[in-house]
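Visitor: This structure is in C-alpha coordinates; I'll ask about it shortly.
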Amino acid sequence: MDMPSLEEQIELIERGCVDCISRDELVKKLKKSAETGIPLKVKAGFDPTAPDLHLGHTVLLQKLKQFQDLGHQVIFLIGDFTGMIGDPTGKSETRKALTVEQVAENAETYKKQVFKILDPEKTTVAFNSTWLSKLTAHEMIQLASELTVARMLEREDFKNRYESGKPISIHEFMYPLIQGYDSVALEADVEIGGTDQRFNVLMGRDLQRSRGQAPQVVLTLPLLEGLDGVNKMSKSLGNYIGITEDADSIYGKVLSVSDDLMFRYYELLSDLTTAEIADLRAQMEAGTLHPKEVKKQLARELTARYHSEEAAIAAEQNFENVFKKGGIPEDLPEYQVSLDEPIWLPKLLADAEMVKSTSEGRRMIKQGAVSLDGEKAVDESMLISPEGEVLIKVGKRRFVKVIFA
(Lines of atoms letter the chains of each structure in order from A and count residues from 1; the text may use other names and numbers.)
(Lines give C-alpha, C1' and ligand atoms only; values in the text may rest on other atoms or scores of the structure.)
Protein backbone atom coordinates (compact mmCIF):
# COMPACT_ATOMS: atom_id res chain seq x y z
CA MET A 1 0.00 0.00 0.00
CA ASP A 2 1.34 3.46 -0.98
CA MET A 3 2.01 5.86 1.86
CA PRO A 4 -0.65 8.59 1.98
CA SER A 5 0.42 12.14 1.15
CA LEU A 6 1.19 14.54 3.98
CA GLU A 7 -2.20 16.19 3.52
CA GLU A 8 -3.95 12.81 3.66
CA GLN A 9 -2.01 11.86 6.79
CA ILE A 10 -3.01 15.11 8.51
CA GLU A 11 -6.66 14.56 7.54
CA LEU A 12 -6.57 11.02 8.93
CA ILE A 13 -4.84 12.04 12.15
CA GLU A 14 -7.16 14.99 12.82
CA ARG A 15 -10.31 12.99 12.11
CA GLY A 16 -12.48 12.88 15.21
CA CYS A 17 -10.08 15.04 17.25
CA VAL A 18 -11.30 17.94 19.36
CA ASP A 19 -7.86 19.53 19.83
CA CYS A 20 -4.63 19.37 17.87
CA ILE A 21 -2.00 21.38 19.73
CA SER A 22 -0.59 22.35 17.46
CA ARG A 23 -1.24 21.53 13.82
CA ASP A 24 1.89 23.36 12.63
CA GLU A 25 4.04 21.33 15.02
CA LEU A 26 2.40 18.12 13.83
CA VAL A 27 3.14 18.99 10.20
CA LYS A 28 6.79 19.72 11.05
CA LYS A 29 7.17 16.47 12.98
CA LEU A 30 5.63 14.41 10.16
CA LYS A 31 7.86 16.10 7.56
CA LYS A 32 10.99 15.51 9.66
CA SER A 33 10.01 11.87 10.20
CA ALA A 34 9.57 11.37 6.45
CA GLU A 35 12.92 13.03 5.71
CA THR A 36 14.95 11.18 8.36
CA GLY A 37 13.14 7.86 8.30
CA ILE A 38 12.81 8.05 12.10
CA PRO A 39 9.24 7.24 13.23
CA LEU A 40 7.44 9.46 15.70
CA LYS A 41 6.93 8.21 19.25
CA VAL A 42 3.18 8.28 19.82
CA LYS A 43 1.88 7.49 23.29
CA ALA A 44 -1.40 7.07 25.09
CA GLY A 45 -1.61 6.23 28.76
CA PHE A 46 -4.10 3.96 30.49
CA ASP A 47 -4.39 3.57 34.25
CA PRO A 48 -5.32 -0.06 34.93
CA THR A 49 -8.15 0.77 37.31
CA ALA A 50 -10.86 -0.96 35.24
CA PRO A 51 -9.30 -3.87 33.36
CA ASP A 52 -12.05 -4.64 30.85
CA LEU A 53 -11.89 -2.43 27.79
CA HIS A 54 -15.04 -1.16 26.10
CA LEU A 55 -15.61 0.74 22.85
CA GLY A 56 -15.08 4.04 24.66
CA HIS A 57 -11.47 3.06 25.35
CA THR A 58 -10.96 2.00 21.74
CA VAL A 59 -11.41 5.56 20.45
CA LEU A 60 -7.84 6.23 21.62
CA LEU A 61 -6.63 2.81 20.52
CA GLN A 62 -8.01 3.34 17.01
CA LYS A 63 -6.08 6.62 16.77
CA LEU A 64 -2.93 4.83 17.90
CA LYS A 65 -3.57 2.21 15.22
CA GLN A 66 -3.78 4.94 12.57
CA PHE A 67 -0.34 6.21 13.57
CA GLN A 68 0.90 2.63 13.59
CA ASP A 69 -0.37 2.10 10.05
CA LEU A 70 1.50 5.25 9.01
CA GLY A 71 4.73 3.66 10.22
CA HIS A 72 5.16 5.36 13.59
CA GLN A 73 6.15 3.87 16.94
CA VAL A 74 3.18 3.37 19.21
CA ILE A 75 3.68 3.28 22.96
CA PHE A 76 0.83 1.77 24.96
CA LEU A 77 1.62 3.12 28.40
CA ILE A 78 0.18 1.27 31.35
CA GLY A 79 0.11 3.60 34.34
CA ASP A 80 0.83 0.99 36.97
CA PHE A 81 2.44 3.66 39.19
CA THR A 82 -0.19 6.37 38.63
CA GLY A 83 -2.90 3.71 38.95
CA MET A 84 -1.97 3.37 42.59
CA ILE A 85 -2.70 7.09 43.02
CA GLY A 86 -5.96 7.17 41.09
CA ASP A 87 -6.69 9.82 38.49
CA PRO A 88 -8.76 12.59 40.16
CA THR A 89 -9.98 13.96 36.81
CA GLY A 90 -13.71 14.61 36.91
CA LYS A 91 -14.10 13.14 40.39
CA SER A 92 -16.04 14.83 43.16
CA GLU A 93 -14.06 13.10 45.88
CA THR A 94 -10.74 11.36 46.46
CA ARG A 95 -10.49 8.02 44.69
CA LYS A 96 -9.51 4.91 46.58
CA ALA A 97 -6.03 3.81 45.57
CA LEU A 98 -5.50 0.32 44.17
CA THR A 99 -3.05 -2.15 45.66
CA VAL A 100 0.11 -3.22 43.83
CA GLU A 101 -1.46 -6.64 43.27
CA GLN A 102 -4.68 -5.20 41.81
CA VAL A 103 -2.77 -2.94 39.44
CA ALA A 104 -0.53 -5.79 38.26
CA GLU A 105 -3.51 -8.08 37.62
CA ASN A 106 -5.44 -5.39 35.76
CA ALA A 107 -2.40 -4.48 33.68
CA GLU A 108 -2.04 -8.06 32.46
CA THR A 109 -5.70 -8.07 31.44
CA TYR A 110 -5.14 -4.84 29.50
CA LYS A 111 -2.21 -6.33 27.61
CA LYS A 112 -4.30 -9.28 26.44
CA GLN A 113 -7.08 -7.02 25.15
CA VAL A 114 -5.26 -4.17 23.37
CA PHE A 115 -3.83 -6.47 20.73
CA LYS A 116 -7.31 -7.02 19.39
CA ILE A 117 -6.67 -3.58 17.86
CA LEU A 118 -2.95 -2.84 17.89
CA ASP A 119 -0.29 -4.86 16.08
CA PRO A 120 1.81 -6.50 18.82
CA GLU A 121 4.87 -6.47 16.55
CA LYS A 122 4.65 -2.69 16.21
CA THR A 123 3.64 -1.81 19.76
CA THR A 124 5.84 -0.99 22.73
CA VAL A 125 4.12 -1.73 26.04
CA ALA A 126 5.60 0.42 28.78
CA PHE A 127 4.95 0.71 32.52
CA ASN A 128 5.48 4.09 34.15
CA SER A 129 6.68 2.52 37.38
CA THR A 130 9.91 1.86 35.45
CA TRP A 131 10.95 5.51 35.85
CA LEU A 132 8.55 6.97 38.40
CA SER A 133 9.49 4.53 41.16
CA LYS A 134 13.10 5.69 40.80
CA LEU A 135 12.41 9.39 41.36
CA THR A 136 14.07 10.66 44.53
CA ALA A 137 12.40 12.91 47.09
CA HIS A 138 14.52 15.78 45.77
CA GLU A 139 13.31 15.16 42.21
CA MET A 140 9.69 14.93 43.36
CA ILE A 141 9.94 18.28 45.17
CA GLN A 142 11.61 19.81 42.13
CA LEU A 143 8.78 18.49 39.98
CA ALA A 144 6.17 19.91 42.37
CA SER A 145 7.78 23.36 42.11
CA GLU A 146 6.76 23.58 38.45
CA LEU A 147 3.05 23.90 39.18
CA THR A 148 1.19 26.39 41.36
CA VAL A 149 -1.89 25.70 43.45
CA ALA A 150 -3.63 28.58 41.66
CA ARG A 151 -3.14 26.90 38.30
CA MET A 152 -4.29 23.56 39.67
CA LEU A 153 -7.49 25.18 40.92
CA GLU A 154 -8.23 26.28 37.36
CA ARG A 155 -9.34 22.69 36.84
CA GLU A 156 -13.12 22.54 37.16
CA ASP A 157 -13.14 19.35 39.25
CA PHE A 158 -10.64 20.68 41.81
CA LYS A 159 -12.28 24.11 41.83
CA ASN A 160 -15.70 22.61 42.60
CA ARG A 161 -14.33 20.43 45.38
CA TYR A 162 -12.40 23.34 46.90
CA GLU A 163 -15.41 25.69 46.83
CA SER A 164 -17.73 23.05 48.29
CA GLY A 165 -15.31 22.28 51.11
CA LYS A 166 -14.56 18.73 49.97
CA PRO A 167 -11.02 17.54 50.71
CA ILE A 168 -8.34 17.44 48.03
CA SER A 169 -5.30 15.36 48.85
CA ILE A 170 -1.80 16.57 47.97
CA HIS A 171 -1.14 13.39 46.01
CA GLU A 172 -4.04 14.30 43.70
CA PHE A 173 -2.31 17.59 42.88
CA MET A 174 0.75 15.54 41.98
CA TYR A 175 -1.12 13.39 39.48
CA PRO A 176 -0.95 15.73 36.44
CA LEU A 177 2.75 16.35 37.09
CA ILE A 178 3.53 12.67 37.34
CA GLN A 179 1.51 11.89 34.23
CA GLY A 180 3.25 14.73 32.43
CA TYR A 181 6.64 13.36 33.46
CA ASP A 182 5.83 10.18 31.51
CA SER A 183 6.20 12.21 28.31
CA VAL A 184 9.63 13.40 29.46
CA ALA A 185 10.79 9.87 30.26
CA LEU A 186 9.56 8.53 26.91
CA GLU A 187 10.58 11.63 24.91
CA ALA A 188 7.16 11.46 23.28
CA ASP A 189 6.48 13.29 20.02
CA VAL A 190 2.70 12.94 20.23
CA GLU A 191 0.32 12.17 23.09
CA ILE A 192 -3.30 11.16 22.62
CA GLY A 193 -5.90 11.54 25.36
CA GLY A 194 -9.58 12.10 25.99
CA THR A 195 -10.92 15.63 26.30
CA ASP A 196 -11.12 15.07 30.06
CA GLN A 197 -7.32 14.59 30.07
CA ARG A 198 -6.52 17.89 28.34
CA PHE A 199 -5.00 19.51 31.44
CA ASN A 200 -2.84 16.48 32.15
CA VAL A 201 -1.49 15.94 28.63
CA LEU A 202 -0.70 19.64 28.23
CA MET A 203 1.36 19.32 31.41
CA GLY A 204 3.59 16.92 29.48
CA ARG A 205 4.33 19.67 26.94
CA ASP A 206 5.31 22.09 29.71
CA LEU A 207 7.63 19.61 31.42
CA GLN A 208 9.28 18.61 28.15
CA ARG A 209 9.87 22.27 27.23
CA SER A 210 11.40 23.06 30.64
CA ARG A 211 13.81 20.14 30.18
CA GLY A 212 14.97 21.09 26.73
CA GLN A 213 12.85 18.59 24.80
CA ALA A 214 10.67 19.44 21.82
CA PRO A 215 7.13 19.63 23.24
CA GLN A 216 4.82 16.83 22.22
CA VAL A 217 1.85 17.43 19.96
CA VAL A 218 -1.36 16.92 21.94
CA LEU A 219 -4.40 15.31 20.32
CA THR A 220 -7.59 15.11 22.36
CA LEU A 221 -10.49 12.91 21.38
CA PRO A 222 -14.12 13.13 22.52
CA LEU A 223 -15.57 10.80 25.10
CA LEU A 224 -17.81 8.27 23.36
CA GLU A 225 -21.44 8.38 24.46
CA GLY A 226 -22.83 5.11 25.76
CA LEU A 227 -25.89 3.21 24.61
CA ASP A 228 -28.14 5.64 26.50
CA GLY A 229 -26.98 8.40 24.15
CA VAL A 230 -26.46 10.78 27.07
CA ASN A 231 -23.64 9.77 29.40
CA LYS A 232 -20.14 8.75 28.40
CA MET A 233 -19.71 5.02 27.91
CA SER A 234 -19.02 3.53 31.31
CA LYS A 235 -19.10 0.09 32.84
CA SER A 236 -20.52 1.51 36.07
CA LEU A 237 -23.46 3.02 34.17
CA GLY A 238 -24.13 -0.20 32.27
CA ASN A 239 -24.26 1.66 28.93
CA TYR A 240 -21.17 0.05 27.45
CA ILE A 241 -20.15 -2.46 24.78
CA GLY A 242 -17.20 -4.51 26.00
CA ILE A 243 -14.67 -5.69 23.43
CA THR A 244 -14.49 -9.12 25.10
CA GLU A 245 -18.26 -9.66 24.91
CA ASP A 246 -19.47 -12.45 22.64
CA ALA A 247 -20.21 -11.71 18.99
CA ASP A 248 -23.99 -11.84 19.41
CA SER A 249 -23.86 -9.29 22.22
CA ILE A 250 -21.60 -6.83 20.38
CA TYR A 251 -23.68 -7.08 17.20
CA GLY A 252 -26.99 -6.65 19.02
CA LYS A 253 -25.79 -3.76 21.17
CA VAL A 254 -24.44 -1.83 18.19
CA LEU A 255 -27.81 -2.22 16.48
CA SER A 256 -29.46 -0.70 19.56
CA VAL A 257 -27.51 2.55 19.14
CA SER A 258 -29.84 5.42 18.22
CA ASP A 259 -29.89 6.75 14.66
CA ASP A 260 -28.75 10.14 16.00
CA LEU A 261 -25.64 8.58 17.55
CA MET A 262 -24.85 6.15 14.73
CA PHE A 263 -22.59 8.42 12.68
CA ARG A 264 -20.77 9.53 15.83
CA TYR A 265 -19.83 5.86 16.28
CA TYR A 266 -18.84 5.64 12.62
CA GLU A 267 -16.55 8.65 12.90
CA LEU A 268 -14.82 7.51 16.09
CA LEU A 269 -14.79 3.73 15.67
CA SER A 270 -15.03 2.75 12.00
CA ASP A 271 -12.15 2.15 9.58
CA LEU A 272 -14.19 3.65 6.74
CA THR A 273 -12.79 6.84 5.24
CA THR A 274 -14.42 10.20 5.82
CA ALA A 275 -15.64 10.15 2.21
CA GLU A 276 -17.16 6.67 2.60
CA ILE A 277 -18.99 7.71 5.77
CA ALA A 278 -20.25 10.87 4.06
CA ASP A 279 -21.55 8.71 1.19
CA LEU A 280 -23.46 6.47 3.62
CA ARG A 281 -24.99 9.52 5.27
CA ALA A 282 -25.97 10.99 1.90
CA GLN A 283 -27.63 7.74 0.79
CA MET A 284 -29.54 7.50 4.06
CA GLU A 285 -30.72 11.11 3.89
CA ALA A 286 -31.77 10.61 0.26
CA GLY A 287 -33.86 7.62 1.31
CA THR A 288 -31.95 5.15 -0.87
CA LEU A 289 -30.43 3.36 2.13
CA HIS A 290 -32.38 2.50 5.28
CA PRO A 291 -30.80 3.57 8.61
CA LYS A 292 -31.02 -0.04 9.81
CA GLU A 293 -28.80 -1.18 6.91
CA VAL A 294 -26.25 1.52 7.73
CA LYS A 295 -26.26 0.40 11.35
CA LYS A 296 -25.95 -3.27 10.38
CA GLN A 297 -22.81 -2.46 8.39
CA LEU A 298 -21.25 -0.85 11.48
CA ALA A 299 -22.34 -3.78 13.67
CA ARG A 300 -20.71 -6.24 11.26
CA GLU A 301 -17.49 -4.23 11.15
CA LEU A 302 -17.10 -3.93 14.92
CA THR A 303 -18.12 -7.54 15.59
CA ALA A 304 -15.61 -8.77 13.01
CA ARG A 305 -12.87 -6.61 14.52
CA TYR A 306 -13.14 -8.25 17.94
CA HIS A 307 -14.04 -11.73 16.73
CA SER A 308 -13.94 -12.61 13.00
CA GLU A 309 -15.81 -12.09 9.75
CA GLU A 310 -17.42 -15.50 10.19
CA ALA A 311 -18.55 -14.65 13.73
CA ALA A 312 -20.02 -11.35 12.52
CA ILE A 313 -22.02 -13.10 9.78
CA ALA A 314 -23.24 -15.71 12.27
CA ALA A 315 -24.22 -12.99 14.76
CA GLU A 316 -26.22 -11.20 12.07
CA GLN A 317 -28.02 -14.41 11.10
CA ASN A 318 -28.68 -15.14 14.76
CA PHE A 319 -30.11 -11.66 15.24
CA GLU A 320 -32.39 -12.05 12.23
CA ASN A 321 -33.57 -15.42 13.53
CA VAL A 322 -34.28 -14.23 17.05
CA PHE A 323 -35.85 -10.86 16.35
CA LYS A 324 -37.38 -11.01 12.91
CA LYS A 325 -38.47 -14.62 12.94
CA GLY A 326 -39.27 -14.84 16.63
CA GLY A 327 -36.92 -17.78 17.06
CA ILE A 328 -34.06 -18.64 19.37
CA PRO A 329 -30.33 -18.75 18.61
CA GLU A 330 -29.08 -21.78 16.69
CA ASP A 331 -26.11 -22.18 19.02
CA LEU A 332 -28.22 -22.04 22.18
CA PRO A 333 -25.97 -22.27 25.25
CA GLU A 334 -26.81 -24.92 27.83
CA TYR A 335 -26.37 -25.00 31.59
CA GLN A 336 -26.59 -28.39 33.32
CA VAL A 337 -27.14 -28.65 37.04
CA SER A 338 -28.08 -31.37 39.51
CA LEU A 339 -30.27 -30.29 42.44
CA ASP A 340 -32.24 -32.03 45.17
CA GLU A 341 -34.64 -29.17 45.86
CA PRO A 342 -36.19 -26.16 44.09
CA ILE A 343 -33.87 -23.24 43.36
CA TRP A 344 -34.60 -19.54 43.77
CA LEU A 345 -34.90 -18.00 40.30
CA PRO A 346 -32.45 -15.08 40.87
CA LYS A 347 -29.87 -17.60 42.10
CA LEU A 348 -30.41 -19.79 39.04
CA LEU A 349 -29.88 -16.75 36.81
CA ALA A 350 -26.62 -15.95 38.60
CA ASP A 351 -25.42 -19.57 38.59
CA ALA A 352 -26.11 -19.81 34.85
CA GLU A 353 -24.12 -16.56 34.38
CA MET A 354 -27.11 -14.74 32.91
CA VAL A 355 -26.65 -12.00 35.51
CA LYS A 356 -23.71 -11.01 37.70
CA SER A 357 -25.51 -11.38 41.03
CA THR A 358 -28.80 -12.39 42.60
CA SER A 359 -29.58 -8.71 43.22
CA GLU A 360 -29.21 -8.01 39.50
CA GLY A 361 -31.40 -11.05 38.84
CA ARG A 362 -34.13 -9.66 41.10
CA ARG A 363 -33.88 -6.29 39.37
CA MET A 364 -34.21 -7.87 35.91
CA ILE A 365 -37.29 -9.82 37.04
CA LYS A 366 -38.86 -6.63 38.45
CA GLN A 367 -38.23 -4.93 35.11
CA GLY A 368 -40.01 -7.73 33.27
CA ALA A 369 -36.83 -8.70 31.44
CA VAL A 370 -36.87 -12.42 32.34
CA SER A 371 -38.99 -15.10 30.71
CA LEU A 372 -39.24 -18.87 31.26
CA ASP A 373 -40.28 -20.98 28.28
CA GLY A 374 -41.74 -17.86 26.67
CA GLU A 375 -43.70 -16.74 29.75
CA LYS A 376 -42.61 -13.58 31.56
CA ALA A 377 -41.43 -14.16 35.14
CA VAL A 378 -43.04 -11.63 37.47
CA ASP A 379 -42.27 -13.00 40.94
CA GLU A 380 -38.72 -12.40 42.16
CA SER A 381 -39.24 -14.98 44.94
CA MET A 382 -40.15 -17.68 42.43
CA LEU A 383 -38.72 -21.18 42.97
CA ILE A 384 -37.87 -23.40 40.00
CA SER A 385 -38.47 -27.14 40.34
CA PRO A 386 -35.34 -29.10 39.36
CA GLU A 387 -37.02 -31.24 36.72
CA GLY A 388 -36.57 -31.51 32.96
CA GLU A 389 -35.52 -28.40 31.04
CA VAL A 390 -36.38 -24.71 31.02
CA LEU A 391 -35.55 -22.08 28.41
CA ILE A 392 -34.58 -18.80 30.06
CA LYS A 393 -34.39 -15.48 28.26
CA VAL A 394 -32.92 -12.37 29.89
CA GLY A 395 -33.28 -9.05 28.12
CA LYS A 396 -33.59 -9.03 24.36
CA ARG A 397 -30.64 -11.16 23.36
CA ARG A 398 -29.57 -13.61 26.06
CA PHE A 399 -30.81 -17.18 26.12
CA VAL A 400 -29.83 -20.31 28.01
CA LYS A 401 -31.34 -23.77 28.21
CA VAL A 402 -31.17 -25.05 31.78
CA ILE A 403 -31.04 -28.83 31.98
CA PHE A 404 -31.73 -30.40 35.37
CA ALA A 405 -29.81 -33.66 35.52
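The backbone N, Cα and C atoms fix where each Cβ goes, and this holds for glycine too.
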Visitor: Among the residue ranges 48-57, 188-197, 318-327, I'd like the one that Swiss-Prot describes as motif ''HIGH' region'.
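Guide: Here Swiss-Prot associates motif ''HIGH' region' with the stretch 48-57.
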Visitor: According to Swiss-Prot, which listed range is motif ''KMSKS' region': 87-91, 92-96, 232-236, 357-361?
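Guide: The listed stretch tagged motif ''KMSKS' region' in Swiss-Prot is 232-236.
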Visitor: Can you name the far-off residues of the same chain, 6+ from the ends of the motif ''KMSKS' region' (232-236), with a Cβ under 8 Å from a Cβ of it?
Guide: 50, 52, 54-56, 223-226, 242
Visitor: K235 (ATP binding site) has how many other Cβ neighbours within 10 Å of its own Cβ?
Guide: 14
Visitor: Going by DSSP, how much of the motif ''HIGH' region' (48-57) is helix, how much is strand and how much is coil, in residues?
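Guide: The counts are 3 helix, 1 strand, 6 coil.
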Visitor: Along the domain 'S4 RNA-binding' (343-404), what average pLDDT does this model show?
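Guide: Summing pLDDT over the domain 'S4 RNA-binding' (343-404) and dividing by its length gives 89.
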